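Trainee: My questions all concern the structure below.
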Amino acid sequence: MLSHLADLQDYFGPLRLLRYITVRTLLAAVTSLTIGFVIAPWLIAKFRELKLGHGYIDDRTGALGATYFDKKNTPTMGGLIIFLSVFTSAALWAAPNIWVFVSLFVYAALTIPGWRDDYLKVVHKNRNGISSWEKIGWQSLATVVALGLLLWHPASAQKIREFWVPFVKYPLIPHMHWAVLLVLIYLWIVGFSNAINLTDGLDGLAIGCTIPVALVFGIMAYVADHVFLSQYLLTSHVPGTGELAVICGALIGGCMAFLWYNCHPAEVFMGDTGSLALGGLIGVMAFMIHQPLTLVIVGGVFVAEMLSVVVQVGVFKITKRRSGVGRRFFLMAPVHHHFQKKGWPETKVVLRFWVLSLGCALAGLATLKLR
């Protein structure tokens, strides 16, 4: 929106800087950071006043339950802090185009079921929240509408059909059938939506791991939009996706503001309101800039968390079917709880996972040069 102020540069010269994506990305980060710091104390106080916190300790934590006693009644729905910060900042500083619109649509659409899930848990004391089918329904609807918009708009109709993989300097699939495209984009949006949701189990863990992912994809979005850089690095050129770097800037600022209040001991939890939407936003952006498999590398911590649950459930079912007694591969899943069971303090688990996330992000960024 504010990018159009650059048209007034004849009246005020410095406004010409708004033509540069890098400048608006920085402004988006500062804006979302500021909004987050302004609204977070008020929202946290309001959540406490309304008693919008989990009033129970999850039985699945077992012996870890005592560790979480101090977190009982900590306000949740903190994802609203991130959403208001990121969405407002991105809407202000990103130049409107189909890529921006679809990204913000997916982000908003997946915030709704997350908020509803948290609402049922903290207001109606429904420990299960929304049903799995309702959650899948929302995620499916968001995916179908997003893909429909991308296939309808002339600026994205052809580009979105290309499928690129790391280390290869041409599209592996130049023109995907819409049905194949639907399956793939669904897997990325829903997969990473649920992956971040599973990772959000310790103070600051999920949000801290999201920041390096957003930083790397901001760089990749800028490269994809830049004619010279995309040609030099032999990556896909997707005109207009540079504006996604502005969204990533807003995401970094919003996450940093939230982390200030979510670090141990957390004053607020993001809840499903934040985690489901963040995963969907990152997933759809990765797909639109033709870096879906790179996300598997960059978001390695999230992938590991999700796979740990899949392995745990799979091993338990297989061993129970064969011997009648289910066995577990990990002491507890997701894997961050496994390390807690081994005696690691919560802060050590979180900090080490942050280090791993940064390493994964740098490894994914390095793939730009390897073709």
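Note that Cβ sites are derived from N, Cα and C of the backbone, with glycine treated the same way.
What Swiss-Prot records for this protein is below:
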type	residues	note
TRANSMEM	25-45	transmembrane segment
TRANSMEM	77-94	transmembrane segment
TRANSMEM	136-156	transmembrane segment
TRANSMEM	172-192	transmembrane segment
TRANSMEM	204-224	transmembrane segment
TRANSMEM	240-260	transmembrane segment
TRANSMEM	269-289	transmembrane segment
TRANSMEM	296-316	transmembrane segment
TRANSMEM	348-368	transmembrane segment
Trainee: If I count Cβ-Cβ pairs under 8 A between the transmembrane segment (240-260) and each of 25-45, 136-156, 296-316, which range comes out on top?
Mentor: 25-45
Trainee: Taking the transmembrane segment (348-368) as the first stretch and the transmembrane segment (77-94) as the second, find out whether 3 or more Cβ pairs fall under 8 Å, excluding pairs closer than 6 in sequence.
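Mentor: Judged by the Cβ rule, the two regions do not touch, with the required three close pairs absent.
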Trainee: How about the transmembrane segment (172-192) and the transmembrane segment (136-156): do they have 3 or more C-beta pairs under 8 A, pairs 6 or more apart in sequence?
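Mentor: Result for the transmembrane segment (172-192) with the transmembrane segment (136-156) is yes.
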Trainee: Can you tell me which recorded stretch out of 136-156, 204-224, 269-289 has the most Cβ pairs within less than 8 Å of the transmembrane segment (77-94)?
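Mentor: It is 269-289 that shares the most Cβ pairs under 8 Å with the transmembrane segment (77-94).
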